[in-house]
Amino acid sequence: MDIIINFIAAHPIELLAALVNFIWIYFEYKASVWLWPVGVILPIFYAYLSWNAHFIGNIVINVYYFVTSLWGWYLWLIKGKAESDAEGIGNIPVKTLSISILTGIPLTAGMYFMFRNYSSLPWADGLATAISFIGMIWMARKYRQHWLCWIIANLISPFVFLRGGDPVSATVYFINAIAAIAGWFNWSRMMRKQQNLQTDLS
């Protein structure tokens, strides 16, 4: 019991961030508009933790998450995408995918050179940052492929947090990767269900 109490006392912010993170993942899994207000709060925690872990790219990511969460919230509410179901979920257009890839490659390289003197693991930091930038835009547009971005980014991030001495956040990101796999299958299922419903109505 003392071990648990001591662990909680030693990692209060990490554990609180983990709790908020799992709430966010749950709402995203359900395609609920509530993921966005939680998404406004979550980056504040992880920007602080990333600073302590010398995960510079993740600080940039979380500032970006804060801004894009406000944007995504606007899109889902104002443009009629506030339903907690499959409505609006779709596949990414080929043109958008091509632009994302062409943008992502130089973005990754740029992030590496930007972080190489400051980050504990600059190549992973840069790649996770670039992928996460793209993933947030895809999620705001309700493209189910955004989950693929989260799978990759969440498998990379634990190495950076472990290198920075934050095993709690490393574990959270690994769990996020598993949740992202489940999210991919759930959004795919909801999309097919919505498509079948539209076919039946037509």
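Using N, Cα and C of the backbone, Cβ positions are placed for all residues, glycine too.
Feature annotation from TrEMBL assigns transmembrane segment to 6-26, 33-49, 55-76, 97-115, 121-140, 147-164, 170-187.
Just going by CB pairs under 8 A, the stretch in 55-76, 97-115, 121-140, 147-164 that sits most against the transmembrane segment (170-187) is 147-164. Contacts between the transmembrane segment (121-140) and the transmembrane segment (6-26): absent, as fewer than 3 C-beta pairs lie under 8 angstroms at sequence separation of six or more. Same-chain residues lying 6+ beyond the ends of the transmembrane segment (147-164) with a Cβ under 8 Å from its Cβ atoms: 52-55, 58, 119-121, 124-125, 127-128, 131-132, 134-135, 138, 170-171, 173-174, 176-177, 180-181, 183-184, 187.
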